[in-house]
């Protein structure tokens, strides 16, 4: 799967909006993930005690983790598909240490699309959403291949 230059432009254009508030976007995305798929919360010992959206919004640790997640994803997106070096340690930790199933990466991808659209409706129309979906699918496909190399059937 390959994205065109125009698609990468759309992806990176919206990502510039994310970078204006990485932690805030990340927190919103994680809250959306945990509310929509409560089972994902079980993978995070640090956040298991957060039961309500208000508790999640008040959590500095959740905000910090959102920043970490989106900083890593931004680094991958900026490589425009040439992300082998960035993907390898991420796949290693998510497969062997955290044991994060690929399905959960699909869930967070959906949360990313939803939050970007809700925060930036004018800049994140159908074409930009399609491009971001494609970029996130490429990321998931490549991380799934790394999982397989590591013997993780996530």
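Keep in mind that glycine also has a Cβ here, set from the backbone N, Cα and C atoms.
Among the features that Swiss-Prot reports, domain 'Globin' is placed at 2-148. Averaged across the domain 'Globin' (2-148), pLDDT for the predicted model comes to 96.
Within 10 Å of the C-beta of residue 4 (phosphoserine) we count 10 further C-beta atoms, all protein chains included. Residue 4 (phosphoserine) falls within neither a helix nor a strand when secondary structure is assigned with DSSP, and so counts as coil. Under the heading phosphoserine, Swiss-Prot lists 4.
Listed in sequence order, 26, 30, 44, 46, 47 are the same-chain residues six or more apart from residue 65 (nitrite binding site) with CB atoms under 8 A from its CB. According to Swiss-Prot, the nitrite binding site annotation covers 65, on the basis of similarity to another entry.
Sequence annotations record features per position, and here Swiss-Prot assigns O2 binding site to 65 based on similarity to another entry.
Positions annotated as phosphothreonine by Swiss-Prot: 68. Residue 68 (phosphothreonine) carries a helical DSSP state (H, G or I).
Around residue 94 (heme b binding site), the same-chain residues at least 6 positions away in sequence with a Cβ under 8 Å from its Cβ are 100, 143, 147, 154. Summarising the annotation, Swiss-Prot assigns heme b binding site to 94.
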List of residues, in chain order, with Cβ under 8 A from that of residue 68 (phosphothreonine) and at least 6 apart: 26
